[in-house]
Amino acid sequence: MPESQIEFAVQMTCNSCVEAVRKSLKGDPHIKTVDIDLEKGSVVVSTTLPTLRVQEKIETTGRKVVVKGHAGSSSGVAVLDTGNTNIQGVVRFVQVAPNSCVIDGTIDGLKPGDVHQLTIHECGDLSQGCDSVGDVFHPTNSGDCRPCGDLGPIEVANDGRASFRREDHVLKLTDIIGRSLVVNAEGKRVVCGVIARSAGLFQNPKTICACDGVTIWDEKVPPKAVLLKMIVLCFIVLCEAWRGTGYVTEALHDQMTESELAYYFQTDDRSAVPEYEVVYLPEMTLTSEADTFDYTFDAFEKPINLKLQRNDRLASNLKTYITEDDFQTILSNSPKSCHFIHRDDSAIAAISSCQPKSVQGVILLDDSTLEIHPLTERLQTLMREPLLESVDDISTPHIVKRANFISLEDDSFPIAGHVLPQLREAASHRPAGALTVEIAMFFDEAAFKIFAPFLSNDDHKLQDMLLAYMNGVQALYHHPSLGSSIELVLVRLDIMKNQPSKMPHHNGERSRLLDSFCAYQSSLNIRDDENPEHWDMAVYISGLDFYAYENGRKSGVTMGLATVGGVCLDKYNCLIAELGTTNVFGKPYPSAGFTSVYVLAHEIGHNLGMHHDSVGNSCPKEGYVMSPSRGTNGETQWSHCSAEVVAKLGWAKCLQDSARPQKNLDHSRFLDSPGQIYTAKRQCEILLRDKDAVMSPNQQLSTICYNLQCKTPHRSGYYFAGPALDGTKCGNKKYCYGGDCVKKSPPKPVKIVPGGWGPWKETACTSGCIEKSRGFQTKKRQCNNPTPVNTDQGCEGQSIEFGICRDEKICKSKRLSAVDFASQKCEEFSKLLPELDPNSGGLQAPHEEARVWMGCAIFCRRADSGGYYTPRVELNDLGVSPYFPDGTWCHREKNLNYYCLHHHCLPENFQFSKVDVLDGFGEDIPFSQNARPLSVIPPEIKSYFSLNPNGKPMKTVLKPHETKNPRDEDWETDDFIIIPDLKERYN
């Protein structure tokens, strides 16, 4: 047998694994060289032995092994997923020599006791399942005694799995690519798949499948469910299957670059790619005289028959503006007349073909929406290479994907599968004769810089978040307590990536900012109320921390500002509101997350003529949207005073016309239940801008409608996010509405896909190189296998674990003492906190059993008292750690060393895997970490984190009354302007 190079994927985790594998191959004269890469889990062997012999040698180490690629040879794979849906499997073919083909496979769901046979058939036509694949393959010039396609029987275990490897001396891989593989049971064809090309040596670096998230090792272990669809295309370059009139390709996304993924699927997560096919579409040919023509193809096993009509009105007067900073240019050249429409009882379609052999568009069917996109030249070349001459030149590969807004984060195409019925349903929930406020929203540069990085700098995701935000406001204006519903319609959305020079923000000084914005939006607004681009009210959504001077003192309590009764007046129909705002220490204000929904609703109420409750009226001061304070509790209903203002809005003539929002700006698709899409976890993620943020495990689910509490493993304490959005699940068949947890079905169910954990990934050992200490490392995993859709279920447990490691190889120079390390850090902290003395050093406090964080927190000498203080509260949200590095020695007891782990002083044999970091473990800041009015930390809390000049604790226990959160009235501010001449309009 000739010498060949074979690459194996071997499950190895350490250097001893490498030595064990090397030893298993040592001493065999038929093995020439062995090259092992631990990081990649790769073993490359030059040998004259059959692949199976080498594989079996490696498997004697007890490690799992999969053939990954071959040098100078061909390889292929068949995915068995057509036919009996209970049977799924993968079979690989590797031509290791001219007369040697290795067949390696795993098939699940077979019936034990039946006789099963493996056969290759003449063609890959799966249009009628396994019945259309032809006879067993056998070339006419073959002199072999058996058909080439007869691969013999396979044995099935009691669990329904067949796992086999065999070497065939008749089969030639070049003869079978594009044909089909069939599993026969008792003589009947039960499942089949097309044989496609697979990877050669070093062509497949992955060990995790991007499509299903199934590892290659799962092929050797029974799956959790027999119906697990094993489209494990980790090694596939392409998989083509002839289905009816078009070629369909799966796993093409594995070959895409990040920019291609973003363009076609609006994601960089391969596990989040929606269902799609690659379909070869015929070229669109239309004579200049004809206005209509027929266009047909197949997609998702369904015939698509379109009668396309030219749409000359679409771009007849189109001007396209390119905006850069403060300058706008018009894109030259008139657009081509290359756009078409189709409309009948079964489908609506908009198709464009403005470049040769390029089709793009959307097709709205009864049960789904299909998007069509042409492939890039690179992807087209990749597609055509294995097909050779099998596709005629007039057909071109295109991606056809199912479009939907199930996950409104990943997919924001203007028209989706169930948007139109949702619009109809949303309209049915709107009372006849409701007043309509046409709104222009301006999202400023400061807010853009906060949210864009979190949303992968994806403008569509940002747009969706803002629509959900506005839809939350709309839900409040549909609340029965308002008496009459008010419709909010977005007619314009400006995302300011750079602040316009004509609209200075004055660093958030609210009065000048409001004046600046009012003048700016007024200059853009069309005066004619009949014009569809005119707006009645403009809102400025800002990431700035607004402030004002009240009683001679700068106050950051304010979260918005509006003129009372200014709607419909060009000079006063404008307001400002915070979103995503934090104080100087990074602590979230009540406007940081979706609580800003209430802030914006409150400011809109002012502009409609509402005053604060209890101010000049008989309504209670607290408990309603127009309360003079805006904390993070309740306040989800309207007082009767606010309802009376709405009942008298007849003076606001501009609100009496109706507007139809642009499809991409229509927040009503959330149906007043944005919490269905933006779940409790996602609301916490938005608040803390942290993918690991979750609802506090210690909070009862039924209480989130009043005030949602959030936690993250990266910060201490918990945070209030405000009342959960309407539509947020709060119990069994219960949802939040109007601040209450009620049994009420949402207007339209959404598809639920529970998540699943991906693999653990371990970081390298890191160390602070402090005396007597060790290094530390973390393990993390992501909830992306699959990514959850419209639910927080499926990924229970923690996403991060901590451990210690030996650091001798890292800390080769002299180690610092704990005091020297603390002193260096205290000098840094003093630049942020003037109350700390930069020159007096720091210390490590003694370990306390009741407060396990003490020995791991850095204490710095105060400049005013001589005592010591650890600024844990102040630095908690700044990304500045007030702790010694994990791995720092902190205590010794009963001959056992204690080290800092996740900022807690714990014994060296402590196992984090047995506790949940977020489930109350080591909870040492028993109060909300949200920003406090005027940034004042109560003296009791200061004492809890302080030592006296002798290093003794000043306070070891916080009593319940000492940890109370700020009162709502502490947030009171005059967030409105009264114009005397306007009073008679709304009084």
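Glycine residues also receive a Cβ, built from the backbone N, Cα and C atoms like all the rest.
Residues or ranges marked as active site by TrEMBL: Glu603. Look at Glu603 (active site): DSSP puts it in a helix.
What TrEMBL lists as Zn(2+) binding site is His602, His606, His612.
According to TrEMBL, the feature domain 'HMA' maps to 3-66.
What TrEMBL lists as domain 'Peptidase M12B' is 435-642. The predicted model assigns the domain 'Peptidase M12B' (435-642) a mean pLDDT of 79.
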Report, as a single number, how many Cβ atoms besides its own are within 10 Å of the Cβ of His612 (Zn(2+) binding site). 26
Using a 10 Å cut-off on CB atoms, tell me which of the binding-site residues His602, His606 is the least crowded. His606
Go ahead and report the DSSP secondary structure tallies for the domain 'HMA' (3-66): helix first, then strand, then coil. 20 helix, 22 strand, 22 coil
Could you measure between His612 (Zn(2+) binding site) and Glu603 (active site) for me? Cα positions, answer in whole angstrom. 10
